[in-house]
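Structure record follows, encoded as structure tokens.
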Amino acid sequence: MRLSGQRTTLTLTLVLLAIYTSAVRAGEQEKEIWYESAARAIEARVRAAATSSGTSTSPTAVARGVVFFVGDGMGMSTLTAARILSGQRHGNTGEEAQLAWDSFPAVALARTYNMDAQVGESSACATALMCGVKANYETVGLDSSARFENCLSSLNAHVPSLISWAQEQGKSTGLVTTTRVTHATPAALYAHASSRYWEDDGKVPPTARTSCKDIARQLLEDEPGRDINVILGGGRRHFVPKVTLDPEEPDKEGRRLDGRNLIEEWSRNHRLRNLAAEYVSNKEEFDNVDPRKVDHLLGLFSYSHMDFDVDRNTNDTGDPSLTEMTIKALRILMKNPEGFFLFVEGGRIDHAHHYNNAYRALDETLALEEAVKAVMDEVDLTETLLVVTADHSHVLTLGGLATHRGNPILGSDSKVSDVDGKPYTTLLYSNGPGHTEPRSVLREAGKDSIQTAGVPRAWATHGGEDVPVFAIGPLAMTLFSGSVDQSYIPHAISYVACLAHHASRCSRESAMNDTITPISCPSAEPNSAAISSDVMNDQARNTPTKSGCNPLSTWVNQSAIIPLLIFGLLLDILVKS
């Protein structure tokens, strides 16, 4: 009987090991595809630039600092409409206006699909933008071996981000957003979660809470989150317990179920580490922060997302603007002689589009542009790379029939429909809450106006077309061109800034054929073994031809097998007993 039990235990252990090994290999193969694809794309662009310039050496330009701007939902139609609105606000017809990034010398187009979705979603798109791998819908900071809301599948699917890479090189790092700092896009910089909605422990299923931390805890406890110098945005509710009332909205309480106040813990931990740190929650406290005296700054200015800029309380008890947050963060980070990485998100463009509220969407786009202009005045563009892009587009369209120049972009077209004789808005949405039957007429282009939508939906969907990528600074014209996957962008940034698997570029001068050398890519250490039979969900993908660059095959997380062996021993004890 005992022998039979031991055989059963051994069989179960071997099966679990086989399942685990399969999951790990799938994750490694998945990451390898995107790393190798980006490496080849970079190599091709570097070689092309060398050929056109008649040289045979590797580029030596390096970005000491990087500012990465993301307009959430800021697709081409949004950019065009915002440009026209900007011109019209300055008393012109609008079409001839230019936004700050229109003058950038480098432009590319990025494909925004997810591994399991034709039309991209924010957290998966952000994972591509920040971590360099395509991901599954509504997962964050994970490769596509992870499955939505499956904690175990995520444990060996962690992928490092631009902030991880920057910190490895001793750079200061920061994130600024108008959304919750735990929201889908910023979370990709520091968190690994099989659901973007696990912002606090109350959202994590009880059975998963031991193995999978919520996103707020990851930000304050784990690397790289705990070492981020500047964190500015909204979302206090995910950092405080249910018994804590919000200081600005006292009718609302925190959402944590574990009773922890992560804001107080952040302040205490930084004091114990002898770091010059401050926590702020309103504009007055924020304005009093001296960047020369503070190295770590946490600012949570709202219960949930920060207000749209047009609705923002600008008094001392209100919130700083996106530009103010960006410049304060930049001045703190620029003190580091090793350089910096700063992420800036205009996160509420997306929310306004979901409501079919073009006014606020375009106004938020122009607020992001103000931040870009302010940064351009602050940095040396010979040593600072600026990149502006979107995580995905929206279903906004701009149309008309011989519409005259200067027609109000937020108003109705100068012609009427040739079917029902009614006016229609110049800006239309394919779907969303703006659909009415019969069609209503927009009479006032105010901030609360809703544009017409073709298909009724409570919330408008995202758009699936490519989004532009604008770049200026070192090697911008070399690397940011053509049509690329979003996952290429962080690898290009890391090449310019000599981060992670491109760090050696700064310490070597080689012939052109040594521009791209085999790389050993960093990989996040999982906290336990993943027991999952899931493999890549896109077996039909054509795996790139193997080259000398095999970035992830050298990494094997042997220590992760230990929990499985322990599990086998426990089974053995149970059988023997």
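Note that Cβ sites are derived from N, Cα and C of the backbone, with glycine treated the same way.
According to TrEMBL, the features are:
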type: SIGNAL; residues: 1-26; note: signal peptide
type: BINDING; residues: Asp72, Asp350, His354, Asp391, His392, His462; note: Zn(2+) binding site
type: BINDING; residues: Asp72, His183, Thr185, Glu345; note: Mg(2+) binding site
type: ACT_SITE; residues: Ser122; note: active site, phosphoserine intermediate
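Taking the Cβ of Thr185 (Mg(2+) binding site) as centre and 10 Å as the limit, one finds 25 other Cβ atoms among all the protein chains shown. Here is what falls inside 10 Å of the CA of His392 (Zn(2+) binding site) among the recorded positions Ser122, His183, Thr185, Glu345: Ser122. Taking each of the recorded positions Ser122, Glu345, His354, Asp391 in turn and counting other Cβ atoms within 10 Å of its Cβ gives the largest count for Asp391. Using CA atoms as reference points, the binding-site residues Asp72, His354, Asp391, His462 were checked against Glu345 (Mg(2+) binding site), and the closest is Asp72. Taking only the Cα positions, the spacing between Asp350 (Zn(2+) binding site) and Ser122 (active site, phosphoserine intermediate) is 9 angstrom. Taking the Cα atom of each, Thr185 (Mg(2+) binding site) and His354 (Zn(2+) binding site) are about 16 angstrom apart. Sitting within 8 Å of the Cβ centre of Asp72, His183, Thr185, Glu345, and not among those site residues for Mg(2+), are the Cβ atoms of Val70, Ser122, Ala126, Thr177, Thr179, Ala184, Pro186, Gly347, Asp350, Asp391. Taking Cα separation as the measure, His183 (Mg(2+) binding site) is nearest to Ser122 of the recorded positions Asp72, Ser122, His462.
Around the Cβ of His183 (Mg(2+) binding site), a 10 Å sphere holds 28 further Cβ atoms from the protein chains shown.
Comparing His354 (Zn(2+) binding site) with the residue listed as 'active site, phosphoserine intermediate', their Cα atoms are 13 Å apart once rounded. It is 6 Å from the Cα atom of Asp391 (Zn(2+) binding site) to that of Ser122 (active site, phosphoserine intermediate). Here the C-alpha separation of Asp72 (Zn(2+) binding site) and Ser122 (active site, phosphoserine intermediate) works out to 8 Å. His392 (Zn(2+) binding site): 27 other CB atoms within 10 A of its CB, across all protein chains.
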